[in-house]
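*Asks:* This is the structure I want to talk about, given as structure tokens.
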Amino acid sequence: MKKELTDLFKNSEVSEAQNFNSIKITLASPEKIKSWTYGEIKKPETINYRTFRPEKDGLFCARIFGPIKDYECLCGKYKRMKFRGIICEKCGVEVTKSNVRRERMGHINLATPVAHIWFLKSLPSRISLAVDMKLKEVERVLYFENFIVIEPGLTGLQKNQLLNEEELAKYQDEFGEESFEAGIGAEAILSILKSMDLELERKLLINTIKETKSKVNEERSIKRLKLIESFIETGQKPEWMILTVIPVIPPELRPLVPLDGGRFATSDLNDLYRRVINRNNRLKRLMDLKAPDIIVRNEKRMLQESVDALFDNGRRGRVITGTGKRPLKSLAEMLKGKQGRFRQNLLGKRVDYSGRSVIVVGPDLKLHECGLPKKMALELFKPFLYARLNKLGLASTIKQAKKLVEKETNAVWDALELIVREHPVLLNRAPTLHRLGVQAFEPKLIEGDAIELHPLCCAAFNADFDGDQMAVHVPLSLEAQLEARILMLSTNNILSPSNGKPIIVPSQDMILGLYYLSQAPFQTEKPDGYFINNDEIEHALSTGQIKVHSTIVSRFETLDEKGNKRVEKHTTTAGRFLLANLLPKHKDITFSMIDRLLPKKTVSEIIDSVFRFCGQKTTVIFCDHLKDLGFKHAFKAGISFGKDDLVIPANKGQLIEDTKKLIADYENQYSEGLITRGEKYNKVVDAWSKCTDKVAGEMMRGISATESTPDGMKINSVFMMADSGARGSAAQMKQLAGMRGLIAKPSGEIIETPIISNFKEGLTALEYFNSTHGARKGLADTALKTASSGYLTRRLCDVAQDLTISKIKCDNPGFIELAEILEGGNVVVSLSERALGRVTAFDVKNPITGEVVIKKETMIDEAGCDKIDAAGVKFIKAYSVMTCSSKLGVCATCYGRDLSRGKMVHVGEAIGMISAQSIGEPGTQLTMRTFHVGGTASVKQESQIVTKTAGTLKIINSNLLEDSKKNLIVMGRNTQLSIEDNNGVQVAVYKVAYGSKLFFQNGDKVKANEKICEWDPYTTPVIAEKSGIAGYVDLIDGVSIQETTDDATGISSKSVIDWRAQSKNTDLKPRITLRDDKGNVIKKADDNEARYYLVPDSILSVKDGQKIFAGDIIARLPKETTKTKDITGGLPRVAELFEARKAKDSAIIAENDGQVLFGKEVRGKQRISIQPDNGEPSNYLIPKGKHINFNQGEKIKKGEYLLDGQPLPHDILRILGIKDLTEYFVNQVQEVYRLQGVIINDKHIETILRQMLKKVEIKESGDSSYLPGEMIDRIKFDNTNEKLVAEGKNPASGERVLMGITKASLQTESFISAASFQETTRVLTDAAIKGKVDPLNGLKENVIVGRLVPAGTGHIKNKWNKNAIDADNKFLAEQEKIEPLETTETPAN
């Protein structure tokens, strides 16, 4: 009776299994495997081909795995529930549910041990490390090629020595068969592993590491030590890597499916298992028959191979194929890749209650609604409908309800209306690139088959109506409906999570209508009418008394400071009064907001202001009104365009002629040898790109002018479309009516001859041919980039998925310094923009008066930003995700504002995912949109600095020289010019290139728009610092210097060639020295000799023996020709930054202050050392031919670039620290996105960077168990050190390491998350050996094990659970104190 009762509560076991908070993975011992299984499989048969019943003891045996039909044994003796749990004495099958066939396992007892291929072949090979042999040697033993000495005895053989058959026979003859023990195959390896004394090995290895001098030995010993220690710590035995029992997975997971025509489709695993069983049985038979050794050995090898194929087919040897040469899918393949178990079934599941259809626009919907076709709703809400019909008494059973619904009577539709009301549904458009790709709407039943979507939601879904489809999902439970309504309803997602700007913004027709309405083409002196309110205006418009653009006087109602009603009188156009009528009443919302032209950007700003001042509800209503007004007036205006609206500028021909003359001039200079071919190319490209811009400018000027016509003013339609931001851009119009300009070859180089025609004039055949390049490149790029952008997003999501907001404030947060970002002297991002939404770490003070503008610990909002701008603050110290000291996740104070809500972030928000999506989403957008500008090249070379504002010029790090013409030449490598206003506040900073000409002295007053300095953008000069006679040294004709005569011009110039091509010349150092009249080398100001080393490709500007003056150019090094800038450069650049890859030509950063000294050459590289005033010099090897920024003996500061290029982020972290790294990294990523006009908040990039800095590399192990060079999680490292310090021991020391996102994802604490990302086999083998425990902290691992994610609702639930457990433990502890324990036994923990 008791048994049956327990059977009734069978499910209680399941809940036990679900209540866990971490998962551990270890090796399975043979005993463990046997404990899982329900019996041994002895036969390879599957099912009987006549009866279709499973064979006894076969792969589908019902006795082992359970019955085929619910509660029915195989022979049919026991049927029905009442015999539950009985085992039939005839067929041996337990009477139970048939779904146990999905969970019961079997096993195969192997006749001989077999090595597990993952631990053998997955690098580093764990088996070969454990036995301390090479992988090749272990393989030769396992696959029966060589014998191995297991126990040498007194023979003088080495332990683990390999012997072939002849050697074995020879030694056995020599020493006798019993004197030593040798073996072959997995048995031999098994006995070696069994005989290992782990503790002894550990001691020996520690000694070896201390004593060894060889780096290789040390590394291998450390690897072995780690392996041995993980065995000791986890209590696993190394011999478990060799299998003696193989588990067989449940039959329902590898089914046999009958097909039509009596054939069967089978899972590949069945084939693989059959192979193993066949060979195993044959081996048993051969051993019983005492067959010759050679036959048995061959059979053992075949068994090993078949087990290998079962676990990981194709990992070793040839792939085992099934029918039609198709490789069989092994167990490993079931797990890995996009189609594997992790990504296909655990992270992405199919859902019910969903449908999909084409979308059409629903202009009359409210923002929170979507149109749902009746048919779809009927199908989706069927269960609810049955329940409702039942409740209404229209149907008493489900069957009746079903019939009723099939008839589709009116009662059914009425009931459906009631159910659907206020039951939100989720709409999703693929690809879902960010969280706004899934939003909740209230369905509104419509006729037809298409889903209606609100036009303002298109931007969030990136949807258009050219055939896009969307999926509908129904949230079923009350909790799901609640979350959908509160968190996901489209009206709750007005702001974009990536930048905090509104994403619900009118576009296209709506913008065009609003723009047209806000036009004021002619302001008349005398108004056309006086009106009291909007009703009167609308009446006058409808009767035709006034037009939309007539100037009128009317009243505008608003609120004053105290919130009382205030009426203002304004004079403007009727259209603007219509717009003003939509504005909500609020003291901060003024008439001037709307009394201007309204292109898209301005409309976005207005919506933003309304949201900040009036809240969400008002904004939603306002947006809906804007939409209606926009559509209405776009339709009323009737804007369209014909070909005459594309006006080609009259002076286009003249501009092109001028440019052609300029280019002829360059050709002459080139033919006279004044400039090289590369320089000519650069100048020509420059000239044409300037010409194109001029033509485009003229065209825009022509189009933007309004013309008077008898019936009012005519505004150019095309201009309106582009200027308003409704459709098209200046770049596209330039191609339609200006000139197409320069285009790039597929390689990225720019073709010198531009396309002079535009599309309206039509292209010539040659121009058309040239432009086909751009068109095709665009399409090819799009296809390729979409994939790579999606992959970038996936990697970002994977690295950041476990980062959430864990508490309000951490204990001792650090801070970062924010300043405005300058590019070429222009402020690109103001300080207030960067500071918005951050929490201040110190008081922000006015730099002039010193008064506190914003107190510390305050979140900077829009009002705070205005204060910062007004006070002219230059720096702010604010908290950042990068410097947060929380152990798990990040605290809300360091994160700041939740951009999508405009308020402080909530605890439990999944900020990692939001950041990953914010960075990944525009990547895809941009890549999908590369081809819009048709490969037209846009080139802008900076060659001068023109001031933006007036002020006083200050030269920072001044190092100047006057040349013979009295020009000031900049000789400093990091000279900067700054402009200061009258208060001495810096208003602009410019970096100046070496060799620039300065037109002003330090302290001079400069006006706005004055040229203060210029340089040649195409070459880097080498400049003489003293006057003297130039002398060539090691510049030998034909070896290190050659005279090139240009074919076209016949002019010759001398350039340095690579002299190292021949080995005999490697010690040459081509240079130019300056000597005085007596032939002595002149000393420079810093007491070094005036020598100038030259690199290959330098063009000499002086002759041997020529007299030169200080400031003259000795040689020029041409810079690379310009390539087009496109996100194509951008996306790989972003990926390169996040992967922390080494760039091809990376910069070299000085590690300390000191003097630059040139040393001897080492293997064709120039050795340079920096000698500090005291201490060891730091040495660098620089490939020859690279241009070094410093000359012999010059002083260099820490962090300066010795060699130009992209610096390595690792170097910045090591030399300058985390704050500098953050600044550099954020700016580099932002530069790429800024170029595309995409705004992303800095904190998203910082969030990812935080995840890349999770690990610490151990330098000194102190008293910890860490080994030098080991990578340890930062939190673990800190915890260990805290413990050690508390115990009075030496803590370990280490330094932060920057890891690429892929590597960081694979190195997370969670092996489940890492395994589902990439390299599944490697991650799992590694985790099993280490006995890793997954604490289930991230989102991904929780999705995989099927629990609530620990963010949002899940975070709160976890918190409650923890509080409950703590309370229980406290209560139990108190109870124990009260009740004295009667037993004397110690309780087991």
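From the backbone N, Cα and C atoms, a Cβ is placed for every residue, glycine too.
Here's the feature list from Swiss-Prot:
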- C73, C75, C88, C91: Zn(2+) 1 binding site (BINDING)
- D464, D466, D468: Mg(2+) binding site (BINDING)
- C810, C884, C891, C894: Zn(2+) 2 binding site (BINDING)
*Asks:* Could you name the residues, excluding C810, C884, C891, C894, of the same chain that surround the Zn(2+) 2 site, i.e. Cβ within 8 Å of the Cβ centre of those residues, in sequence order?
*Replies:* K807, K809, P813, Y879, V881, T883, S885, S886, V890, A892, T893, Y895
*Asks:* Using other CB atoms within 10 angstroms as the count, which residue among the binding-site residues C75, C91, C810, C891, C894 scores least?
*Replies:* C75
*Asks:* Hey, which of the binding-site residues D464, D466, D468 is the loneliest by Cβ count within 10 Å?
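*Replies:* Each of the binding-site residues D464, D466, D468 was scored; lowest Cβ tally within 10 Å is D466.
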*Asks:* Run through the Cβ atoms and count how many others sit within 10 Å of the one on C884 (Zn(2+) 2 binding site).
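*Replies:* C884 (Zn(2+) 2 binding site) is surrounded by 23 other Cβ atoms within 10 Å.
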*Asks:* Would you say which of the binding-site residues C73, C88 has the most Cβ atoms within 10 Å of its own Cβ?
*Replies:* C73
*Asks:* With DSSP assignments reduced to helix, strand and coil, which class does D466 (Mg(2+) binding site) get?
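*Replies:* In the DSSP reduction, D466 (Mg(2+) binding site) maps to coil.
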*Asks:* Cβ within 8 Å of the Zn(2+) 1 site's Cβ centroid: which residues qualify beyond C73, C75, C88, C91?
*Replies:* L74, G76, K77, Y78, E89, K90, G92, V93
*Asks:* So around the Mg(2+) site, D464, D466, D468 aside, which residues have their CB within 8 A of the centroid of those CB atoms?
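*Replies:* Everything else in range on the chain: I359, A463, F465, G467.
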*Asks:* When the Cα of C88 (Zn(2+) 1 binding site) is compared with the Cα of each of the binding-site residues D464, D468, C891, C894, which one is closest?
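*Replies:* Comparing Cα positions, the candidate nearest C88 (Zn(2+) 1 binding site) turns out to be D468.
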*Asks:* Which ones are near C75 (Zn(2+) 1 binding site): of the binding-site residues D464, D468, C810, C884, which have a Cα within 10 Å?
*Replies:* none
*Asks:* Looking at the binding-site residues D464, D468, C884, C891, C894, which has the shortest Cα distance to C73 (Zn(2+) 1 binding site)?
*Replies:* D468
*Asks:* Using C-alpha positions only, work out which of the binding-site residues C810, C884, C891 is nearest to D464 (Mg(2+) binding site).
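*Replies:* Smallest Cα separation from D464 (Mg(2+) binding site) among C810, C884, C891: C891.
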